[in-house]
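Peer 1: Here's a structure for you.
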Amino acid sequence: MAELSGKYLVGVYDDDDTVLHAVPRLRKAGVKIKEVYSPFPIHGLDEALGHPRTRIGIAAFMFGVTGCCTALTMMIWMMGIDWPMIVGGKDPISIPNYIPITFELTVLFTAFGMVITFFISNGLGPGTHFHPRFDVRSTDNKFVMAIDLGRNSMSIEDISRALKDSGAEEVNIKQF
Amino acid sequence: MHVTSPVREPLIQGGKTYADVTEDICRHVEGSPTKEWKIAFGISLIVLAYGSVCLAWTWWEGLGVWGLNKTVGWAWDITNFVWWVGIGHAGTLISAILLLFRQKWRTSINRAAEAMTIFAVICAASFILMHMGRPWMAYWALPLPNAFGSLWVNFNSPLVWDVFAISTYFSVSLVFWYIGLIPDLATIRDRATSKVSRFMYGTFAMGWDGSAKTWARYEYISLILAGLSTPLVLSVHTIVSMDFATSVIPGWHTTIFPPYFVAGAIFSGFAMVQNLMLITRVVYRLEDYITLEHIETMNKVITLTGSVVGVAYITEFFIAWYSGVEYEYYAFFNRMTGPYWWAYWAMMTCNVISPQLFWSRKLRRSITFTFFISVVVNIGMWFERFVIIVTSLHRDYLPSSWTMFSPTRYDIGDYIFSFGLFFTLFLLFSKYLPVVNMAEVKAVIRSTSANLPQKIAGVAKVRQRGTAEPVYNKDKE
């Protein structure tokens with residue numbers, strides 16, 4: 001099916017509930033859905049599409065641990081080892097006084113690390129503003145389903161009919 | 001299926017479709033600036049210019065141009081700093097804590113409230129730089145060896161904690177706000193007709209496509225960012241309060257400060273959100289999105305936090321007497337009956353009595369009254385910080401050094417500077433960025449809207465009136 005590579009069938013839905021119910025129906029009928037694009041998050045859609053659960057939380061935890069360790073190492077080294085300093089009669093290494101900064105740096109590292117991971121894993125970034133779009137209305141009021149014809153063994157007509165049956169108001173063909 | 005509880009009042013009025021939401025919010029971004037906006041922007045630029053001249057002189061000549069003396073070493077500078085930082089607490093509270101509590105009413109106001117937070121923290125930071133006197137030495141507060149010798153900053157000091165807290169709070173709030181903006185920037189990018197706006201919004205939208213995978217990750221990181229910002233927002237004003245509480249000055253040295261400051265921060269922050277939103281909703285005709293229900297809910301938060309602040313004032317006063325520490329007692333007695341009695345009673349009236357009027361449902365739902373009380377609350381909260389700082393310092397342990405503080409024109413001018421900066425930034429935001437989070441409103445519209453149309457996704461009503469052609473028709477191959 002070499003002639004079909006880069007060719008997409010695009011189903012346009014006008015309701016979030018319709019598209020959410022259409023996804024399992026189409027998958028059951030044997031249609032391999034590439035992705036659904038929507039103007040707002042639809043709960044349960046990623047599971048219905050069979051996307052694996054995001055692991056960004058694990059990354060966030062790792063960044064948090066890094067931030068925590070960085071803060072403690074920095075303060076213990078600076079105040080306790082490099083230039084031991086006694087302020088207010090306290091031990092140079094007084095962990096309770098280090099808690100605020102440790103907390104702040106944990107949050108800082110987690111937030112920035114997680115957001116950078118988010119950008120990288122979604123392929124977002126400055127300069128990607130000519131991202132291929134299946135239907136420009138998917139950021140306004142339409143819910144757009146993209147089906148990669150190169151990866152489906154069903155015929156275009158069969159998939160189109162299945163899309164129409166599942167509630168799509170338009171079915172278009174896009175070639176990249 | 002989506003089900004709406006009949007006991008809840010709808011949050012979105014006017015039977016909006018998804019396309020209506022896009023149209024209503026984007027209209028202000030895409031149109032040319034209105035006359036009112038230009039006038040308001042012009043005024044804030046003039047205010048900013050006057051403030052900048054005063055600030056430039058303060059930095060050129062030194063802090064001697066302020067009314068500070070050897071007894072009162074902190075006055076308007078730190079008062080203004082704490083006041084602005086406090087105001088900067090509402091946005092993150094609305095977007096983070098209310099997200100964790102699944103309060104859907106936050107969706108209409110979180111964008112503007114977060115923007116306000118960021119600008120308020122910028123104003124607060126400007127007072128930190130001002131009170132350093134030599135702002136070009138500001139990097140000395142960072143953990144660098146002092147004067148590049150070998151002595152480091154003192155990590156036991158709350159002032160150093162503050163450097164970390166404010167900068168973390170500012171940058172995390174900014175990131176949180178920006179992540180929420182990306183889907184809306186993509187909406188504007190896809191509607192843009194001119195090359196310039198397509199390029200600008202397209203660059204900042206970073207190629208957002210709204211795929212299910214991206215949205216799943218987006219929701220996940222929003223939740224984690226909210227979880228992180230919730231303790232962060234509480235920690236920031238806690239640390240600000242420790243700037244005072246860890247000292248040994250009577251009137252400052254109290255353990256009640258962290259919760260008391262945090263409640264006060266949320267109190268004044270919500271008042272500022274009310275002020276801005278009441279104007280924005282009228283100017284941008286957002287009455288269907290920011291409804292009386294939103295205003296009433298925010299007034300309830302103001303009453304709650306105002307009551308916490310009131311209880312804190314009374315507790316503080318009681319403990320000053322009950323502890324038997326004569327210096328502590330004198331500090332509080334002096335606040336109430338000393339030469340600054342008017343500041344103390346202004347604070348008590350504005351902060352303790354005025355929010356209690358919101359127990360009346362009629363007053364709570366009155367827009368004019370809400371606006372009035374919000375201004376009163378912000379005045380009261382400024383006086384609170386003034387009372388804490390100046391009246392605790394002006395009569396110290398040595399009666400021969402007792403004195404009064406009076407502001408010079410540069411104290412006032414530098415305060416005016418922060419207003420100019422704040423309103424200039426807010427006006428730029430409200431013109432060039434969507435003031436309501438479109439994606440989040442669309443996500444809750446089905447469960448919270450009144451007169452829901454049969455087809456929510458339908459074509460915007462505005463277009464039927466023939467104002468603008470839908471942009472996407474041009475995209476056909």
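Glycine too: its Cβ is placed from the backbone N, Cα and C atoms.
All TrEMBL annotations are machine predictions without curation.
The transmembrane segment feature in TrEMBL is assigned to B:39-60, B:80-101, B:113-133, B:159-181, B:220-240, B:260-280, B:301-322, B:342-359, B:371-392, B:412-429.
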Peer 1: Output the single range from B:39-60, B:260-280, B:301-322, B:342-359 maximising the number of Cβ pairs under 8 Å to the transmembrane segment (B:220-240).
Peer 2: B:260-280
Peer 1: Cβ under 8 Å, sequence separation of at least 6 from the ends of the transmembrane segment (B:260-280): give me the contacting residues as numbers and ranges.
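Peer 2: Sequence-distant neighbours of the transmembrane segment (B:260-280): 82-83, 85-91, 93-94, 109, 112-113, 116-117, 120, 234, 237-238, 240-241, 286, 290, 294-295, 298-299, 301-302, 305-306, 308-309, 312, 316, 351, 355, 367, 370-371, 373-375, 377-378, 381, 384, 426, 430, 435.
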Peer 1: Compare B:39-60, B:80-101, B:342-359, B:371-392 by their Cβ pairs under 8 Å to the transmembrane segment (B:159-181) and return the stretch that comes out on top.
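Peer 2: If we count Cβ pairs closer than 8 Å to the transmembrane segment (B:159-181), B:80-101 scores highest.
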